[in-house]
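> As listed in TrEMBL for this protein:
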type     : residues                           : note
ACT_SITE : Tyr149                             : active site, proton acceptor
ACT_SITE : Tyr159                             : active site, proton acceptor
BINDING  : Gly14, Ser20, Ile21, Ile94, Lys166 : NAD(+) binding site
Amino acid sequence: MYNLLKGKKGIIFGALDENSIAWKVAERAHEEGAEFVLTNAPIAMRMGGIKDLAAKTGSEIIPADATSMDDLNNLVEKSMEILGGKIDFVLHSIGMSVNVRKGKHYTDQNYDFTTKGWDVSAVSFHKVMNVLYNKQAMNEWGSIVALTYMAAQRVFPDYNDMADNKAYLESIARSFGYFFGRDHKVRVNTISQSPTPTTAGQGVKGFDGFISYAEKMSPLGNATALECADYTISLFSDLTKKVTLQNLFHDGGFSNMGVSDAVMERFIEE
């Protein structure tokens, strides 16, 4: 390891189980010398093994509903108490679509479900940064990262309203990131990750098939959850101090592909 985060303190949202990207980020941050607080919604904590991750990384857990300003204020205040100072890095790895869970087609959404989805998946990111910004809780040259997906830019029919949520998330990162950079020298970026076999991803219809398709389309193959964690660590480190307001594709080259030989061969065979 390289001690890239030695002495740094952070908050990691969304570590559900050992398959989740946030879980891998926590493990890698610990290996690189960071101290951090783990947080997730109380209902999500009952579903996963976050206590095992906390024990492994020597971290405290603070339950918080990321849509609740009261919970977020409490989270940030307690995190600074536990960590003994301001925050250097934050990971937002939160996303949810009730429409997807309930099998609602994009053309026939339940709009109460839609509102809940963008509140959890995107507006929560604005709320997190609102609290950090107004409490001046971030150290200068700190780094805030949110995870997104290329459906924010291109059509993936079964991704449903999560595509809209991710587009909103990316816009929030740019807009709030400007003010955070100007006023507090804090970086804000999103990582657009390959389709990754996580618990959250399994809720999307045909997800396994798309993972296989993306693997064939990408010259380097799909990026794994662990590889995404490595990339995230680099964005938390001092090696990327002038990288901000970016949507950074971490997808083995998929985002710039039109077609690949491997995909064409499948059609030629047929």
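Using N, Cα and C of the backbone, Cβ positions are placed for all residues, glycine too.
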> From the Cα of Tyr159 (active site, proton acceptor) across to the Cα of Ile94 (NAD(+) binding site), what is the distance in angstrom?
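Cα of Ile94 (NAD(+) binding site) to Cα of Tyr159 (active site, proton acceptor) measures 15 Å after rounding.
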> What Cα-Cα separation, expressed in whole Å, is found between Ile21 (NAD(+) binding site) and Tyr149 (active site, proton acceptor)?
13
> Give me the Cα-Cα distance between Tyr149 (active site, proton acceptor) and Gly14 (NAD(+) binding site), rounded to a whole Å.
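It is 16 Å, counting Cα to Cα.
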> Run through the Cβ atoms and count how many others sit within 10 Å of the one on Tyr149 (active site, proton acceptor).
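There are 27 such Cβ atoms around Tyr149 (active site, proton acceptor).
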> Just to verify a number: CA distance, Ser20 (NAD(+) binding site) to Tyr159 (active site, proton acceptor), in angstrom, no decimals.
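Cα-Cα, rounded: 18 Å.
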> Measure from the CA atom of Tyr159 (active site, proton acceptor) to the CA atom of Gly14 (NAD(+) binding site) and give the result in Å, rounded to a whole number.
20
> About how far apart, in whole Å, are the alpha carbons (Cα) of Lys166 (NAD(+) binding site) and Tyr159 (active site, proton acceptor)?
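Cα to Cα, Lys166 (NAD(+) binding site) and Tyr159 (active site, proton acceptor) are separated by 10 Å.
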> DSSP secondary structure for Ser20 (NAD(+) binding site), reduced to helix/strand/coil, please.
coil
> Through the lens of DSSP with three states only, how would you label Tyr149 (active site, proton acceptor)?
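Assignment for Tyr149 (active site, proton acceptor) reads coil.
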> Compile a sequence-ordered list of residues in the same chain as Tyr159 (active site, proton acceptor), six or more apart from it, whose Cβ lies below 8 A from its Cβ; state 'none' when nothing qualifies.
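Once residues fewer than 6 apart are set aside, Tyr159 (active site, proton acceptor) is near Tyr149, Ala151, Val204.
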